[in-house]
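So that you can see what the record holds, here are the features copied from TrEMBL:
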type: ACT_SITE; residues: E317; note: active site, proton donor
type: ACT_SITE; residues: H346; note: active site
type: ACT_SITE; residues: K450; note: active site
type: DOMAIN; residues: 101-266; note: domain 'SIS'
Amino acid sequence: MSWSTYASSLIRYPQFGFSLDTSLMDLDEAFFAKMAPKVEKAFADIAALESGAIANPDEGRMVGHYWLRNAALAPSQELRDSITKPLADLKAFAEKVHTGQVKPLSGGVFQRILLIGIGGSALGPQLVTEAIGHGARMPIHFFDNTDPAGIDRVLSDIGAAGLAKTLVVVISKSGGTPETRNGMIEAKAAYDAAGLHFGKHAVAVTGTGSKLDQYAEKEGFLVRFPMEDWVGGRTSVMSTVGLVPAALQGIDIDAFLAGAAAMDAETRKTGDGNAAMRLALAWHASGNGKGEKDMVVLPYKDSLVLFSKYLQQLVMESLGKEHDLDGAVVNQGIAVYGNKGSTDQHAYVQQLRDGVANFFATFIEVRKGRHGDSIEVEPGNSSADYLQGFLRGTRKALYDSGRKSITISIPEVTPFQLGVLIALFERTVSFYASLVNINAYHQPGVEAGKKAAAVFLDLLGAVRSRLVSEAKTADQIAFEVDADPEDVYHCLTHLSANGEVQISIGTTPKEDNFSL
Ligand SMILES: O=P(O)(O)OC[C@H]1O[C@](O)(CO)[C@@H](O)[C@@H]1O
């Protein structure tokens, strides 16, 4: 560890208190020189992307999330309007909800939000809630899965009486995601059971003309906010997806967008002082441009606990690709995990320090400990001193055992600073994708799981139709429905666990018998 290396390599944006320290990544001049042509291309790629090129060639789409915080950059008036109009509309809507101009049928004001979405249509709002939504004027609950027990738990938290004053926000870009559809149908059932008109308590955020859009129109939802096809789910937190719930929560969305715009302005500049490019180069150096090292994200601040989960989708769904842009098989990606410091020091940091050296760490330092006075937890030291001590100590201990790390510092967790952090990683992902020549903006791999689930549901229906009071084995039913016996067996155990069939256990699954 060298003070000179630290001082000469630190990238700082003092006007908003940001710094990026890559001194412990051991990047040398030879590496920068070798990467120079790719860096030049990456800058050209993002300039083209921001000017409206089809940067997502597989889907034939533009990639416009950088315009969301500076609409003036969007390449046409139509695109600019599609950012500024919904922004004005959602602010006006939030104001009407807060002042009771849009109110529940039973009167009074909406008091809480139930957000239904998954992946990029939930993770951003969840991060925002956790990071900057504490004490929000409307508490928020989430259905982000098709787990019925999870749904029941949220409904019980809201309570039957609470539903009448709950505003449901259903978010799905495609408008056809099954988990979100199921959550919405479950929510509607709860409203129906409480004798409440679902639509009069619901808002949709979705692509114009999608299945959800059509459903929302049919059910008389209070309002529908558009989502554009040039915004990807994992980069949608500054679109209607993230801003509708944030504005309803009373979060300062202008400051959030301003933070992202400020980071964009710095990382749009070419040159060595570009924090996003430095970060992308550090990822590249560490994993050999092939993702050979995982990224462990360690924010030393409780409110950023979801940041690692958020980055997991942003990085892994963007960079985890089978093919490069020329069609060659590359199986790219960077695995991301993490939670928060110093908590993780009492969990997996043991392995990071002494075990498999297959990662680099990314520390996120929040300089301010708390607002208000601190007590001394021992003579001379506060809790904040300890948190800082643990961050600095772990960083050093890892480096001493040959483990590299990056440290990103921000002054405190505010809407502005959250925007700064998100924008930094979004652009890093864009740069890294260019460096390794992949499309960061599609997700073809997700389709395989969705298709396989649909096949399972079809088989489940067929299996159900063959069940009778007389006992049958999985092999017998598989023969009847012409399917793989193991697949049939999994259908049968699912039905039995949920009380639809009786199971009589044999010596092995082949001898298990199933009957109505
Ligand atoms: O907003 P939608 O269309 O419901 O999609 C939800 C999520 O599903 C994916 O399409 C695939 O997992 C994500 O990219 C997206 O964020």
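Numbers here mean position along the shown chain, with the first residue as 1.
A Cβ is built for glycine as well, from the same backbone N, Cα and C atoms used for every other residue.
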Rounded inter-Cα distance in Å - the residue listed as 'active site, proton donor', K450 (active site): 15
For H346 (active site), the three-state class that DSSP assigns: helix
K450 (active site) CB neighbourhood, other CB atoms within 10 A: 11
Distance [Cα-Cα, Å, rounded] between K450 (active site) and H346 (active site): 37
Protein Cβ atoms within 10 Å of H346 (active site), excluding its own: 8
DSSP-derived class (H/G/I helix, E/B strand, else coil) of E317 (active site, proton donor): helix
Within the predicted model, mean pLDDT of the domain 'SIS' (101-266): 97
Surrounding CB atoms that lie within 10 Å of the CB of E317 (active site, proton donor), all protein chains: 22
